[in-house]
């Protein structure tokens, strides 16, 4: 089958042919329709320090997808041939304390599709049936293909009650921009997002941001004053991994505020802990999606009117994958879709 793989220890990916995956007795085989390029895939493309330490070579990658079940293992129940599915990219052990307590998103033995094992940038993907998730007919293939990052945004944004609250989001990547739409959809009052990328800040405006602030030109304090915010933000969502953004977020929080961290900062990042302690802030780390509560919330929000369509900005046939990665690398894109229909 055709697949997009890391064949050598260096930058780039190669469209090549690999063996079709075998289907275990608890697995489903998915014929891929669409995939999306993730920030993780950009790290793999660049072959940065993280990728060099993490990604086996050779291996085909990718973990954002939608497709159709074409084969099932003999033990699989609850699915049928022809079901349209996406899937949870974190494969968990099922035996650790957190898994057995129903907290699979905290499994210490997690294996990542397209990171630690063969991925979805291929004509076919085999995953445990437990990880597959049926997509309702009213949700498009394009939106279903981005359920993985949409889930990151959902898990982060809905970690705290947002109704009537003022929310600060630092980092206008696709996940941060989707978090804007989620926060507004569930009833936040002011949703302010910061970045230095004007293209993505404009996407955030299209998704409903109260203010989208380029912090290289505009003061967040001035924006807060314009919005008559005299006490600070109630909820902060750190999506960038940039130390200066995290510092600004902590300085802008109200006493008793709640902060969710999805962005990954450098390991030795220093912060002013006085901002955390004396403000009584609550800080929560976010990794992946809650299985499968996050997935049900994603479907419910889309079915109740959440519009994520502006975040999908580019579409390419998989044979033009280099154009897709170029769009992502340019910084002037939202989500980029690769179509496998004619693969």
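Backbone N, Cα and C define each Cβ position, glycine as well.
Some features that Swiss-Prot has for this protein:
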type	residues	note
BINDING	38, 63, 64	Zn(2+) 1 binding site
ACT_SITE	40	active site, charge relay system
ACT_SITE	43	active site, charge relay system
BINDING	93, 96, 99, 107	Zn(2+) 2 binding site
BINDING	175, 195, 200, 262, 263, 264, 286, 287	NAD(+) binding site
Using Cα positions only, nearest of the recorded positions to residue 262 (NAD(+) binding site) (40, 93, 107): 40
Between residue 96 (Zn(2+) 2 binding site) and residue 43 (active site, charge relay system): CA-CA distance (Å): 29
Neighbourhood of residue 286 (NAD(+) binding site), C-beta criterion under 8 angstroms, separation at least six: 152, 155, 156, 159, 260, 261, 262
Near-site residues: Zn(2+) 2, ref 93, 96, 99, 107, CB cutoff 8 A to centroid: 92, 94, 95, 97, 98, 100, 104, 108, 109, 110
Rounded distance in angstrom between the Cα atoms of residue 93 (Zn(2+) 2 binding site) and residue 287 (NAD(+) binding site): 16
Protein Cβ atoms within 10 Å of residue 93 (Zn(2+) 2 binding site), excluding its own: 14
Which listed residue (96, 107) has most other Cβ within 10 Å, given these are binding-site residues: 107
Site of maximum Cβ density within 10 Å, from binding-site residues 64, 195: 64
Intrachain C-beta neighbours of residue 99 (Zn(2+) 2 binding site), sequence separation six or more, cut-off 8 angstroms: 92, 93, 107
Structural state of residue 63 (Zn(2+) 1 binding site), classified by DSSP into three states: coil
CB contacts for residue 40 (active site, charge relay system) [other CB atoms within 10 A, all chains]: 22
Residue pair residue 195 (NAD(+) binding site), residue 64 (Zn(2+) 1 binding site) - Cα distance, angstrom, rounded: 24
Of the binding-site residues listed as 38, 264, 287, the one whose CA lies nearest the CA of residue 96 (Zn(2+) 2 binding site): 287
Residue among the recorded positions 43, 63 whose Cβ has the most other Cβ atoms within 10 Å: 63
Other CB atoms, at most 10 A from the CB of residue 287 (NAD(+) binding site): 13
